[in-house]
Amino acid sequence: MTSSAKSSFVLGHRHLLGIEGLSVADITGLLDLSEEYVELNRQVDKKRTSLRGLTQVNLFFEASTRTQSSFEIAGKRLGADVMNMSVSSLSTRKGETLVDTAMTLNAMHPDILVMRHSASGAVELLARKVDGSVVNAGDGAHEHPTQALLDALTIRRNKGRLDGLLVAICGDVLHSRVARSNIILLNAMGARVRVVAPSTLLPPGIERMGVEVARDMREGLDGADIVMMLRLQRERMSGSFVPSSSEYFHYFGLDQKKLAYAKPNALVMHPGPMNRGVEIDSIVADGTQSLIREQVEMGVAVRMAVLEALARNLPNA
């Protein structure tokens, strides 16, 4: 396998299971390597050979559009043989356990497995059973490390830094793996983090993660450099956490009036998929302060960087 990226960064981990456990040097190295791939992806020839001869399996137990397609594009641009396995094609639907699925896949000697699962900790369980490297593409409400990395890259490219910025994360924090990974990363990189949500959508003891807490948008967005909106994850809700979508939007949905509570040059982010008219309106989502489309672009570059960094640790690298 030959590497084509200029950076000599090597991630000191066999897997990427979460932001927790990464050092500031790890995060910075991945962001710097991602910058190289941002430039590559804007060229006509986007191909590199750093994963040539390697097999990448995308194992998605939850439906995904952005993340799965982004990992597929990332692997193919680096020259990997990429296989996608979705919920409908997995033998777990026939009663096979996750451990048996892992052992079956391991017998085929994949080099990199990218996995999404509805259960927190499922990706770590898989990682203990396979010989290749494993990337967490989201596990329950636990972590989504590549989303946090692409968000950090987007912020750094637009604000020039992460240190000292105030990032307001608004919405369904309780069920959000994106919020958790972003909180860990942003705190590590010196940003201030404020979570904004009704009490029913805040995890107990969230303050222990080193965040400020606000329960209304006026207080929550005051002085914010970045406003990061989260959707209501109804698929993870077992009861009624909000009275109605319309009432939720009235109090916590981001529109121009509420955005004015933040700094005049504040930028808006959303990990997707968006529920327009629930947590964000179209004028803001499509407006000049929105970075939402840029986040999607950064996702491919970040996932290329992660795949390459892990591949450099493989025995045949």
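Cβ coordinates are placed from backbone N, Cα and C, and glycine is handled just like the others.
Within Arg42, Arg116, Arg192, Arg312, the residue that Swiss-Prot lists together with Arg66, Thr67, His144, Gln147, Gly272, Pro273 for binding carbamoyl phosphate is Arg116. Neighbours of Gln147 (carbamoyl phosphate binding site), defined as other CB atoms within 10 A of its CB across all chains, total 27. For Arg177 (L-aspartate binding site), the spatially nearest entry among the binding-site residues Thr67, Arg116, His144, Gly272, Pro273 is His144, judged by CA separation. Look at the Cβ of each of the binding-site residues Gly272, Pro273 and count the other Cβ atoms within 10 Å; the largest number goes with Gly272.
Counting only residues at least six positions away in the same chain, the Cβ atoms of Leu59, Phe60, Phe61, Glu62, Ser64, Thr67, Gln68, Val123, Ala137, Gly138, Asp139 sit under 8 Å from the Cβ of Arg116 (carbamoyl phosphate binding site). Note: the carbamoyl phosphate site is recorded as Arg66, Thr67, Arg116, His144, Gln147, Gly272, Pro273; in the same chain, Ser64, Thr65, Ala137, Gly138, Val178, Pro271 also have Cβ atoms within 8 Å of that site's Cβ centroid.
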